Amino acid sequence: MRSVTGAVLKALLLLSTQNWKRVEAGNSYDCDDPLVSALPQSSFSSSSELSSSHGPGFARLNRRDGAGGWSPLVSNKYQWLQIDLGERMEVTAVATQGGYGSSNWVTSYLLMFSDSGRNWKQYRQEDSIWGFSGNANADSVVYYRLQPSIKARFLRFIPLEWNPKGRIGMRIEVFGCAYRSEVVDLDGKSSLLYRFDQKSLSPIKDIISLKFKTMQSDGILLHREGPNGDHITLQLRRGKLFLLINSGEAKLPSIPVLINLTLGSLLDDQHWHSVLIQRLGKQVNFTVDEHRRHFHAQGEFNYLDLGYEGNVSFSCSQPQSMPVTFLSSRSYLALPGSSGEDEVSAAFQFRTWNKAGLLLFSELQLVSGGLLLILNDGKLKLNVYQPGKLPSDITAGAGLNDGQWHSVSLSAKRNHLSVAVDGHVAFAAPSLGPEQFYSGGTYYFGGCPDKSFGSKCKSPLGGFQGCMRLISISNKVVDLISVQQGSLGNFSDLQIDSCGISDRCLPNYCEHGGECSQSWSTFHCNCTNTGYRGATCHNSIYEQSCEAYKHRGNTSGFYYIDSDGSGPLGPFLLYCNMTETAWTIIQHNGSDLTRVRNTNPENPYAGFFEYVASMEQLQATINRAEHCEQEFTYYCKRSRLGNKQDGAPLSWWIGRTNETQTYWGGPLPDSQKCTCGLEGNCIDSQYYCNCDADRNEWTNDTGLLSYKEHLPVTKIVITDTGRPHSEAAYKLGPLLCRGDRSFWNSASFDTEASYLHFPTFHGELSADVSFFFKTTASSGVFLENLGITDFIRIELRSPTIVTFSFDVGNGPFEISVQSPTHFNDNQWHHVRVERNMKEASIQVDQLTPKTQPAPADGHVLLQLNSQLFVGGTATRQRGFLGCIRSLQLNGMTLDLEERAQVTPEVQPGCRGHCSSYGKLCRNGGKCRERPSGFLCDCTFSAYTGPFCSNEISAYFGSGSSVIYSFQENYFLSKNSSSHAASFHGDMKLSREMIKFSFRTTQTPSLLLFVSSSYKEYLSVIIAKNGSLQIRYKLNRYQEPDVVNFDFKNMADGQLHHIEINREEGVVFVEIDESTRRQVHLSSGTEFSAVKSLVLGRILEHSDIDQETALAGAQGFTGCLSAVQLSHVAPLKAALRPSHPAPVTVTGHVTESSCVTQAGTDATSRERTHSFADHSGTIDDKEPLANAIKSDSAVIGGLIAVVIFILLCITAIAVRIYQQKRLYKRNEAKRSENVDSAEAVLKSELNIQNTVNENQKEYFF
């Protein structure tokens, strides 16, 4: 014991002699005997009595003695009825009645208990319920079972509320049994030693059980050492209990296995606290009062005949202090001092959670000033003020709102001013204080009385909420019993002889790592950097899938995903690829090609894959997805995956089920088969894998693993690379998942009596429910779950109101969100409700959320026991008509579709998504319904992408052009429903819409030209002076109408947006969304027989005006983007053809991004996909329309073919020579590591393929 550091706790230890089997097994036992009925009159006491016949001795249950119960002289909240049970008893229940045959009864009360009749403690239910509901009449009996039970000698009933038409009246009974225990009193320097016989102890199970009470915040309760160096220490630090375990089984003494657990708070309150340490094998439970922690321990717990050292007494000493609780900001304690003394001095101890409040005010005589001692931001501030002088301040201490006891003493004498906090003294400069202090007679602790009392007390920061004890004035201890009896001073809203502080952060109701802080009356959660929000950090700020992000309108990119929403799993970062479906891409550390050599079954190679998310996060993501896959490629040269002779696998992989898998492709596990075996195209038909052919040349087996239950791949084992010239390499792609089964999981409710039922919802402390709904009905219940009295219900109360109703035992509450528009518009609306320890809230769509704070001292547990009804109620009334989808409770999705398939009048799925999500399809994209969700059809848009929001742009080189022929399009589409068929020779256009963006520095330039078969045209050009001109010629016999914009040089290298709308003879033009102009045409109102649309250079110059001809000959050099003529998108047809299109591309046209800043080399800057020198329809199966067949083109093509053949012959010869050198080098250095495995392997594969091709050519 000499090695134990720190003082032994000055405390009482209670060693229970009750049956330990009860502790171990938790068996019930009889402990419900009535304890009050047989007590003598002297065991009853009270604060006062109305008369001798209303005395406390008449307060026995069901008795009619005297006036039939106890009633105090005055009915107020400072009255109490006290019972002395004679010895410590275990109290398991209480019962109350009113005064017999009277109108006197109590409707709510507090129950307090004590060992000594001093220093009372309040009994709490559910960690936050202080009060008990009482009686509703005089004679009925209200029972309460106490869980946990009370072990105490004294009980005190404090009425809080009573019948307003009568007065306080009580008859009571308590139930329980005797409680026997041995106690030991330790003074801080003593210790109690145990040595047990090792043979009598169980090596499997240990139990350490004790109770303690103390006024000290620090000290050692228990320390035990074993022969192997392991030890256990139970230590109190700052009122919290620490269990420290050091295992002696650590391999290195310098690296011990340390376990440090913390439980409890405010344990230095001089009340009994129970501690239980249970070990079963390696599993250890640590319990302090009702709080428990579990952990897995290492090492043996070895025990150390009874003896003791120091001053140890086997009796219980009584507490020396009497605390007082300032319950509210209106509380105060006014105590008299000696008026006119030349010194002001006071001392006390306090504890609080509040950062600010008045601790002490004293009026100064003669100088008409005052002395204030306040708590400000957790610091102590002493302020002396007097008229005509600057105030003098002293600041001392920091962090004093930590719930610990802090001692304070202040002294003001002559011109000396000092304050001490926890023994640290701070002084004011002598010149700052007044020349002489004279006390004013009254000291106000904790606050000020109402101004009507005529006091000059000041409380700039409000009253103090907390506890004080050991109060002394002028070195004389204040007798608080006299205060309580009304013979000394006066007070308001105090609780004397009790410290009612509680730790509202124990247990910590802040979820997901939220940091808990508290004040006297509530707690706060700091959710910074947790990824969650809300009063208790319950609600994730991230979506649960890429699909959910997509339907918020997000594009491809990195996103945080929280797969289980408000569940225990945290968010993680991944990439979302937004295509027609949203793909989730999860990377790992093994994406590079890895080469393997020199392995055999006795010396296998094992490769491990670590992902950016935990296995639990991956599993949740995979379970939500509609489909998941992972590509695995195995390169082999004389390296087999399986042994055909005995069927034993030579290589295998392991997934999240931790099972060996020997299939290498496909959606279903098929033992030892690769993709080629499933498709029947292996290089050797005798085998199911290419590699099993065991050839002395590189080949591979590549397959998509898509059986979700086995993904992701976590490990690969290779054993067949130990033979000469044997080698393997592998590469595993990222985990790819698409879709979200939960996001579109829905059900349709056909009648008001239809519903789905699910198991009871368990959200006792924290519950959230979210879903989408769509309806045309004016009202209906979305969801309901009932308990005995508790319930939750979410309903459409009216077409504009959604209501969340609930009851957790404090009476029913409801919160509603009202919308300015109707909810029954047959569009999807999102509802999210949450109820936690702090508040309840509801939010619908983007409307302002509504919240309802929880009662400060109310019931907190939501206790439900019926089935959960969705779309209806248990009474089959007020049911919901419409669709509900993506219903989630605490992050877990309910499978509505599965339950709907077996439920009459409820249909799985729900159509009509475009009414809500169609607005996501932009730039002319059309929303198309899908069984699960919707699709944006970009066929007639100049844009592409999942929402038709990705513009298609192209860089035009000098002399290049794109020609879209409407006449040919007519022949291609005249038998189809394509809108393009509307442009043909028999059609006259009275309106059109043109949109595009451009960037160029060339003048003149032709941006767009539309021609007709009747020599009518529209041209959009940049003139030589940089002005933008729009020229309409709708009558072949008239000059064109010209709309000129010369407010700036449009060839300035900046991106400009043009929109032209013509309605017959009226043209509306908008430039860069800022400049707008409307003009009337004189040349005509119709466009006859539209022939073609040209971007860039015009090849035919007949019958056009001189300015257009000059610009057309020059063409366009720069970038054009998102070009659209009504429903025709010529750039998209040229660069992204989805079907045969009548497009001719001439010159250098390269897909690009016009957003890129201007630079020196536009060609190299903007090239990503080249269509240079191509013309015609961009389709491999269709001939090029309007191809330019000039002699120069033919000659150029022949020359190119000859050059290409010569280059191929040279490359083949060089590669054969390289292969010979590489083969020799690999033979000499086969055992060396390869730095760039993928590059080298690709090189070898290329050489091998070249040799194989040469061999075939030579043979032929």
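Keep in mind that glycine also has a Cβ here, set from the backbone N, Cα and C atoms.
Quantities reported herein were computed from a predicted structural model and do not represent experimental measurements.
Among the features that TrEMBL reports, signal peptide is placed at 1-25.
According to TrEMBL, the feature domain 'F5/8 type C' maps to 31-177.
TrEMBL lists 322-499 (among others) with the feature domain 'Laminin G'.
Residues or ranges marked as domain 'EGF-like' by TrEMBL: 501-538 (among others). Remote same-chain partners of the domain 'EGF-like' (501-538), defined as residues 6 or more beyond its termini with a Cβ less than 8 Å from a stretch Cβ, comprise 124, 127-128, 264-266, 269, 291, 325, 351-355, 403, 465-467, 560, 562, 566, 568, 570-571, 765-766, 768, 834, 836-839, 841, 856.
When DSSP labels each residue, the domain 'Fibrinogen C-terminal' (537-588) comes out as 5 helix, 20 strand, 27 coil, counted as helix, strand and coil in that order. Positions annotated as domain 'Fibrinogen C-terminal' by TrEMBL: 537-588.
According to TrEMBL, the feature domain 'Laminin G' maps to 745-910 (among others).
According to TrEMBL, the disulfide bond annotation covers C883-C910. Cβ neighbours within 10 Å of C910 (disulfide bond), excluding its own Cβ and spanning all shown chains: 24.
For 911-949 (among others), the entry in TrEMBL reads domain 'EGF-like'. With a cut-off of 8 Å between Cβ atoms, the residues of this chain six or more beyond the domain 'EGF-like' (911-949) that come close are 547, 550-551, 553, 555, 578-580, 582, 626, 739, 743-744, 774, 826-828, 883, 979, 995-996, 1122-1124, 1127-1129, 1131-1132, 1136, 1138.
Among the features that TrEMBL reports, domain 'Laminin G' is placed at 961-1154 (among others).
The annotation transmembrane segment is assigned in TrEMBL to 1193-1217.
The largest share of C-beta pairs under 8 angstroms with the domain 'F5/8 type C' (31-177) comes from 745-910, of the ranges 322-499, 745-910, 961-1154.
When averaged over the domain 'F5/8 type C' (31-177), pLDDT in the model lands at 91. According to DSSP, the secondary structure content of the domain 'F5/8 type C' (31-177) in residues is 9 helix, 70 strand, 68 coil. Of all Cβ atoms in the shown protein chains, 23 besides its own fall within 10 Å of the Cβ of C883 (disulfide bond).
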